[in-house]
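First the structure, in the form of structure tokens, and then the observations on it.
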Amino acid sequence: MNLDQKGLKKRSMTVAYFFENISKSLDIKLRRLNEVDEQKRRIFERDLHRPGLALAGFTNLFTYKRVQILGNTETRFLNHLEDDDRKRAFESLIKFKLPCIILTSNNKLEPELLDMATRAGVPVFVTRHSSTKTIYLLTDFLDDQFSQYQQFHGSMVDVYGVGVMLIGNSGLGKSEVALDLVERGHRLVADDAVVINRKGENVLIASGNEIVDHFMEIRGLGVVDVKAIFGIRAIRDKKVVQVVVELLEWNEESDYERLGLDTKTTKILGVDIPLIQLPINPGKNITVIIEVVALNYLLKHYSGYVAAEALEQRIKRVITNESLKKSGKGRTYLAKDYEE
């Protein structure tokens, strides 16, 4: 199954959307200082900008499409200027179609400058946080908003703290396996529609579709509300994708992995993720196997231990140790019970 599809990406967002959602997502509050139509101003980039040079009159290469941050340095610079020079410096900034201006550390603009921003249609906000913290928090929010994303058909479960995404053809029982994992104490992230965002260079964050949320469709039963039945402990909103488990129809002619020495990976939004392919046949307890997949991942990730490699090394030691063959001694594991 090809998962490396071209990701979608948000091109821009309105300042109205930005203002409405920033306080919901992060521990930061913005307060409006003027009333303008925020729907007409759009943010195009995840990066922020401190326009010190633009205020000084140098606007070559000015990245005006970014959110502009005025901190202690910028506001002190404006305040030390004479009235006409102050207006001229601020005019050199707002003559561009800026998305918005954010004042940090509860800094203030002179009333005439605020009026100039209002006439130019530039929204102005203020926050009590320092410039450093504001830039950190806003960049994190904008990074999520402008990140690549894609929706996949499958189920996403947090198993022993490991993000496991179940994929496979329809009718193989992905939802049933996910429900069984939830019943065993694990946590559902999403079912049927898994939305994956790429954050940074190699981190994939899975979440559910806003409409489907934590509902599941079980064939023969119908729609199940996991949160209502199993409680808050059975769900989580987001989880890093760490392992992909592909459920396959059993085929006697296929050559399935028997030892685990060859590590398979699959690409999602350009990021390599470990891939485990599990054939489905009668009598196989897929739920327990997926729990072992998660525990194996933890064992390898934290201690570097791989069972197949340990067994391989043990076999090599036995083969090369000729003294064991010549000793004639067996191994005692119970009194008067010997293995020759």
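Note: Cβ is positioned from N, Cα and C throughout, glycine not excepted.
Quick look at what Swiss-Prot lists:
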| type | residues | note |
| --- | --- | --- |
| ACT_SITE | His153 | active site |
| ACT_SITE | Lys174 | active site |
| ACT_SITE | Asp192 | active site, proton acceptor |
| ACT_SITE | Arg258 | active site |
| BINDING | Gly168, Asn169, Ser170, Gly171, Leu172, Gly173, Lys174, Ser175 | ATP binding site |
| BINDING | Ser175, Glu217 | Mg(2+) binding site |
| REGION | 279-284 | region 'Important for the catalytic mechanism of dephosphorylation' |
With the ATP site defined by Gly168, Asn169, Ser170, Gly171, Leu172, Gly173, Lys174, Ser175, which remaining residues of that chain have Cβ atoms positioned within 8 Å of the Cβ centroid? Leu247
Just name the most isolated of the binding-site residues Asn169, Ser170, Ser175, going by other Cβ atoms within 10 Å of its Cβ. Ser170
State the mean pLDDT for the region 'Important for the catalytic mechanism of dephosphorylation' (279-284). 76
Candidate with the highest Cβ count within 10 Å, taken from the recorded positions Asp192, Glu217: Asp192
For Asn169 (ATP binding site), which of the recorded positions His153, Asp192, Glu217 has the nearest Cα in space? His153
Could you work out which of the active-site residues (His153, Lys174) has its C-beta surrounded by the smallest number of other C-beta atoms within 10 A? His153
What Cα-Cα separation, expressed in whole Å, is found between Gly173 (ATP binding site) and Asp192 (active site, proton acceptor)? 11
By Cβ count within 10 Å, point out the most packed of the binding-site residues listed: Gly168, Gly171, Gly173. Gly168
To the nearest whole angstrom, what is the C-alpha distance linking Leu172 (ATP binding site) and the residue listed as 'active site, proton acceptor'? 12
Starting from His153 (active site), work out which of the recorded positions listed here (Gly168, Ser170, Gly171, Ser175, Asp192, Glu217) have their Cα within 10 Å, and give them in sequence order. Gly168, Ser170, Asp192
For Gly168 (ATP binding site), which of the three DSSP-derived states applies: helix, strand, or coil? strand
Here the Cα-Cα span from Lys174 (active site) to Gly168 (ATP binding site), rounded to a whole number of angstrom, reaches 7
Helix, strand or coil by DSSP: which one applies to Ser175 (ATP binding site)? helix
Taking only the Cα atoms, work out how far Glu217 (Mg(2+) binding site) lies from Ser175 (ATP binding site), in Å, as a whole number. 7
